[in-house]
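Features reported for this protein in TrEMBL:
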{"type": "ACT_SITE", "residues": "His77", "note": "active site, proton acceptor"}
{"type": "BINDING", "residues": "Asp78, Val81, Gly83, Asp85, Ser87, Glu100", "note": "Ca(2+) 1 binding site"}
{"type": "BINDING", "residues": "Pro174", "note": "substrate binding site"}
{"type": "BINDING", "residues": "His204", "note": "heme b binding site"}
{"type": "DISULFID", "residues": "Cys46-Cys127", "note": "disulfide bond"}
{"type": "DISULFID", "residues": "Cys79-Cys84", "note": "disulfide bond"}
{"type": "DISULFID", "residues": "Cys133-Cys311", "note": "disulfide bond"}
{"type": "DISULFID", "residues": "Cys211-Cys218", "note": "disulfide bond"}
{"type": "DOMAIN", "residues": "36-315", "note": "domain 'Plant heme peroxidase family profile'"}
{"type": "SIGNAL", "residues": "1-33", "note": "signal peptide"}
{"type": "SITE", "residues": "Arg73", "note": "site 'Transition state stabilizer'"}
Amino acid sequence: MAASSSSRVSSPGWLMLAAHCALLLAMAGAASAGSALSSTFYDASCPSAYDVVRRVIQNARVSDPRIPASLIRLHFHDCFVQGCDASLLLDDDLPAIQTEKTVPANNNSARGFPVVDDIKAALEHPCPGVVSCADILALAAEISVEISGGPRWRVLLGRRDGTTTNVQSANNLPSPFDSLDKLQQKFRNVNLDDTDLVALQGAHTFGKVQCQFTRENCTAGQPQGSLEDLDRVTPNVFDNKYYGNLVQGQAQLPSDQVMLSDPAAPATTAPIVQRFTSNQKDFFAKFVVSMIKMGNISPLTGRAGEIRKNCRRVNSKGY
């Protein structure tokens with residue numbers, strides 16, 4: 001039977017408890033901010049939303065095994081810039097809209113936009129003008145993790161789409177070359193703590209990276225732009241092997257390894273890395289909590305923003 005966004009296969013008890021606590025915390029924060037995010041937001045208006053998103057991603061993964069990791073990265077890079085409002089998806093429409101896609105952290109790196117377009121088109125058929133692009137990114141992130149072997153959770157929904165971009169903020173996205181102090185500050189700027197930092201960096205357990213961003217910096221002789229697995233052990237699986245790579249000094253990204261190697265790490269991030277290395281259930285539970293927290297960064301709700309008809313354009317510009 002088709003599952004709606006609220007009728008899902010049950011998760012293990014430990015994970016459901018963690019997710020429930022995270023939902024309560026996120027909803028409390030949302031309520032205090034006048035927000036209205038809810039895991040049942042589309043149950044009446046678009047009950048097939050979850051299944052539609054999942055089907056498109058599953059189909060895309062057949063020809064592009066990287067797409068789950070790419071889609072969760074879009075959600076990260078969207079939420080860290082003026083909140084989870086799908087600003088990252090907007091194309092250039094100068095002078096009003098300057099795209100975030102060409103800032104250093106995204107240029108020739110952020111990918112998966114055509115799949116988002118496909119999801120939006122698939123949703124517009126049964127539910128025209130109902131599901132926001134921001135919620136598409138949130139749902140796609142959860143589904144991408146779950147179909148790759150990771151945890152599942154009930155995504156809080158009800159975000160609306162922004163009508164502006166913020167290139168200045170996008171230029172300050174976390175970088176693969178950031179020091180631990182810089183990473184911590186960037187996470188604190190969006191109310192995420194050290195546990196969130198270590199847990200969310202764990203999304204580097206799958207996907208690929210261009211060699212010029214790695215610690216080896218293409219020194220194996222490959223040309224710039226050559227792709228390497230972020231996790232050489234289980235590159236397409238969402239698990240805790242990433243943390244074992246860190247413990248062995250084999251993280252691909254400098255900004256990953258600093259969570260153990262930085263002088264401040266023993267008192268901050270290193271114990272969390274060690275814990276996640278030895279306990280995948282703990283990592284999964286904390287990852288769910290952190291994803292829900294990140295997904296609740298400054299959402300537009302109620303009458304704020306809009307529901308874009310085309311994720312690449314604000315509605316006033318047509319589609």
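Any Cβ shown, glycine's included, is placed from N, Cα and C.
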Val81 (Ca(2+) 1 binding site): tally of other CB atoms within 10 A of its CB: 28
Which of Cys133, Cys211, Cys311, the listed disulfide-bonded residues, has fewest other Cβ atoms within 10 Å: Cys211
Length of the line joining the Cα atoms of Cys79 (disulfide bond) and Cys133 (disulfide bond), in Å: 12
Entries of Cys127, Pro174, Cys211 which, being recorded positions, have CA atoms within 10 angstroms of Ser87 (Ca(2+) 1 binding site): none
Pro174 (substrate binding site) versus recorded positions Cys46, Val81, Glu100, Cys211 - nearest by Cα: Val81
The domain 'Plant heme peroxidase family profile' (36-315) [mean pLDDT, rounded to integer]: 97
Rounded distance in angstrom between the Cα atoms of Asp85 (Ca(2+) 1 binding site) and Cys133 (disulfide bond): 8
Separation of alpha carbons, Arg73 (site 'Transition state stabilizer') and the residue listed as 'heme b binding site' (Å): 9
Among Cys46, Cys79, the most crowded of the disulfide-bonded residues [Cβ within 10 Å]: Cys79
Cβ neighbours within the same chain of Glu100 (Ca(2+) 1 binding site) - under 8 Å, at least six residues apart: His77, Val81, Ser87, Leu88, Leu90, Asn106, Thr165, Asn166, Val167, Ala170
Spatial neighbours of Cys218 (disulfide bond) that are distant in sequence (at least 6 apart) but have CB under 8 A: Cys211, Gln212, Gln224, Ser226
Whole-number Å value for how far Arg73 (site 'Transition state stabilizer') lies from Cys46 (disulfide bond) (Cα to Cα): 25
Site with most surrounding Cβ atoms, counting all protein chains shown within 10 Å, from the disulfide-bonded residues Cys84, Cys127: Cys84
